[in-house]
Amino acid sequence: MYLSRNPSGAALAAILVALILSCNFPSSTAGIEYSDVLPDSFPSAPAESLPHFLLEPEDAYIVKNKPVELVCKANPATQIYFKCNGEWVNQNDHITKERVDDVTGLVVREVQIEVSRQQVEELFGLEDYWCQCVAWSSAGTTKSKRSYVRIAYLRKNFDQEPLGKEVALEQEALLQCRPPEGVPPAEVEWLKNEEIIDPTKDTNFLITIDHNLIIKQARLSDTANYTCVSKNIVAKRRSTTATVIVFVNGGWSSWTEWSPCNNRCGHGWQKRTRTCTNPAPLNGGTMCEGQQYQKFACNTMCPVDGGWTEWSKWSACSTECTHWRSRECNAPTPKNGGKDCSGMLLDSKNCTDGLCMQNKRVLGETKSRLLESTGDVALYAGLVVAIFIVIILLMAVGIVVYRRNCREFDTDITDSSAALTGGFHPVNFKTSRHDNSQLIHPAMQPDLTANAGIYRGNMYALQDSADKIPMTNSPLLDPLPNLKIKVYNSSTVGSSPGIHDGNNLLGTKPTGTYPSDNNIMNARNKNMSMQHLLTLPRDSSNSVTGTFGSLGGRLTFPNTGVSLLIPQGAIPQGKYYEMYLMINKRENTVLPSEGTQTILSPIITCGPTGLLLCKPVILTVPHCADINTSDWILQLKTQSHQGNWEEVVTLNEETLNTPCYCQLESHSCHTLLDQLGTYAFVGESYSRSAIKRLQLAIFAPMLCTSLEYNLKVYCVEDTPDALKEVLELEKTLGGYLVEEPKLLMFKDSYHNLRLSIHDIPHSLWRSKLMAKYQEIPFYHIWSGSQRTLHCTFTLERYSLAATELTCKICVRQVEGEGQIFQLHTLLEENVKSFDPFCSQAENSVTTHLGPYAFKIPFSIRQKICNSLDAPNSRGNDWRLLAQKLCMDRYLNYFATKASPTGVILDLWEALHQDDGDLNTLASALEEMGKSEMMLVMATDGDC
């Protein structure tokens, strides 16, 4: 090994460098440069191979003014030179070493140069300072990779420093930190009271990819001083300290028992107290609001002592020479604990002034016999009372046993009847209402059918109203004699036929509560729902299936708006899952709504449950909420294996523990899920101004050979699956859709939906509706428990020759919006039905596999993720992309993912499955200043 800085070698090298720098000549082959100007005196051997680099120069940073050393090593190599920024480095700046490899016997040449801060600063242009080695052998030249030399620095000021805050106990706290700009990029760590926070040891802390600190659930022990520390090879910077105070708001203890009335007689007060100690306010928490004590007026009846009346007159003188007088203790009678009268009730004295002929002995015997007879009477009276009490007890026990036997007997009869009839119990019991001036005879009831021909549950008359619409149960019942207007209902199920609670009748529900149609239905369907969850039958009419692997894909339910997007990498490599989507029939499912909630979407099961997913999948379901109004409390619910519904997330109330993310659009909800299962979207109104969208669809019979002609007006939720269900039902019943359905905005105002028919040509037709209008009760619509609600208008033509009908049907919510249908129907055999899904017939493919399911090519997607996943001090990273794509409602969900950009792009795929317009994504990237990504999309997208 020796150094090549010797005078003879320097002269030869200088000549070589001068020739190279002064000549502009093309290389003969790729990868061989300047080989034709090398001196002939260089040794070469035809058998030699191209130089191979054993050590290539690495990226380096200049700290302060200390130069960096770049080293490369190659064999076989006759010469090695450095080239920096396209210019050859002077040979005098090279330090060359060489040795013979003990194994191969080849000469290993090593070259080293130094790069100073001045050289790097003198470079002009956008490109960083770079160097690479060029090695020569007799076979040609080889270039090493480029190594970049940068001046290391770390600015003093943070782009954003954490700010102190006060946070309530068990609430989430976010401390933001953007480290100062530096080269190389600074590493960030957080200090809590000068101790390093390690999220792996304390899982209550989370440091996001953009260096923010999240306290998931603030504890009292988290009250501390927090500091953001940024460091690289140059320096270490500390932010200002942010003080986090975890406060506890005061809470009231339970009320004490009411104290005794403070006045033993007359008007007084009772008092009870509570204390603000459950918990006590801490660290500046608010005091309890409300009264610390309550008073209650009490009135204690004063005790009244008894008083004697006047003595009665003396009785006649008896044979014992004694007469009597008496008095009573009722002047006043003792009350409220007052004392009884003291003294004798009876008074007696001798009435002969001592002239009585009986001696004292006879008189004493008489008194003794009188006392004995009195004792016998008391004994006999006690025995009679005891016998009477025993008889009463025996009678009571007998009555209880008798009633219990009767109840069991009735239950057996009911169960047997249900077994024989399949659970279908027609009930004709109705209660007349004489307090309503608008009532007419029950036989004049319009047709209001829900799930006609599908549901086989118990049926009950809800109201005997003429101008309002009572609800019965199933169109499979034969109509009563002379009953021309029929009424049906699918979800009014009672526990015992013929027995009704007055509060459940139409129009008698108290303000502020809804009749619990779905609660009545849930009692019947809970066991059925449990079996449904376990077996999950695959009915082709309401389910679709597909098999997917690690490349992902999309499963679509045609004409329903329901789909499941499985991103690439969601299924483990080498695994294949058969996945399915199923729309659950509401009559067979426990309903998710409770109280004043309303169902806003179909109940969807995606499965199978329990799958191991590496990434979230996106479930898309339609909904019928008008989200332009801000009065909604919207929730996503899931059904447990026990059949109960549980809240998954309330929109705009997400925390780090929320397992999913919902992207709400005007007609659909796209949900990122880590677990498959049964889901539904429900809503509730804040202040009775929320609005849900309904579809109004009118059907007529395809063929009419009688004088009667029925027009059915369906009122269903504005979701594709609801209309699809009605179309399939009417197809089986021989009906057709007269014209395109219309939209109705239905407000949570307790007002019913009113339907009426007008402008009938009375010379040819007459209406058999005796009332002016029909009504569908508000809560039947709002609860969402009844899927195919409708009213029927029965018309009669005077002659079979009348084959044309024109009329108007008006549908509106009382004190709300409405729609008017101008109908013109022909009673012909070849009548054509309006098909709302005709434009979607082409898209009947249910499964798209691998790359065919995604709009963004995988190569473009990877480059976008690599560019945006890492946090940027200028903010043009994945957070800005989410903002540009309107997906920034809760960024912390994406921050917890390994690739936030990838999850955002998956959600974009779900939102744009119909249009797939990459221009929207390109526009967002352009606005972010990511023009290089647009170039990638233009080049790779054309391939």
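Including glycine, each Cβ sits where the backbone N, Cα and C put it.
A quick note: this is a predicted structure, and the numbers were derived from the prediction, not measured.
Per Swiss-Prot, signal peptide is recorded for 1-30.
According to Swiss-Prot, the feature topological domain 'Extracellular' maps to 31-380.
The domain 'Ig-like' feature in Swiss-Prot is assigned to 51-148. Averaged across the domain 'Ig-like' (51-148), pLDDT in this predicted model comes to 88.
Summarising the annotation, Swiss-Prot assigns domain 'Ig-like C2-type' to 150-245. Residues of the domain 'Ig-like C2-type' (150-245) grouped by DSSP class, helix first, strand second and coil last, total 3 helix, 44 strand, 49 coil.
What Swiss-Prot lists as N-linked glycosylation site is Asn225 (among others), and the listing cites sequence analysis. Cβ-based neighbour count (10 Å, all protein chains) for Asn225 (N-linked glycosylation site) stands at 13.
As annotated by Swiss-Prot, domain 'TSP type-1 1' applies to 249-303.
The feature domain 'TSP type-1 2' is assigned by Swiss-Prot to 305-357, with sequence analysis given as support. DSSP assignment over the domain 'TSP type-1 2' (305-357) gives 0 helix, 11 strand, 42 coil.
Residues annotated as N-linked glycosylation site in Swiss-Prot: Asn350 (among others).
The topological domain 'Cytoplasmic' annotation in Swiss-Prot covers 402-943 and is backed by sequence analysis.
Sequence annotations record features per position, and here Swiss-Prot assigns domain 'ZU5' to 542-685.
Look at Swiss-Prot and you will find 863-941 tagged as domain 'Death'.
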Among 305-357, 542-685, 863-941, stretch most in contact with the domain 'Ig-like C2-type' (150-245) (C-beta, under 8 angstroms): 863-941
Cβ neighbour count within 10 Å of Asn350 (N-linked glycosylation site): 14
Recorded stretch, among 249-303, 305-357, 542-685, maximising Cβ pairs under 8 Å relative to the domain 'Death' (863-941): 542-685
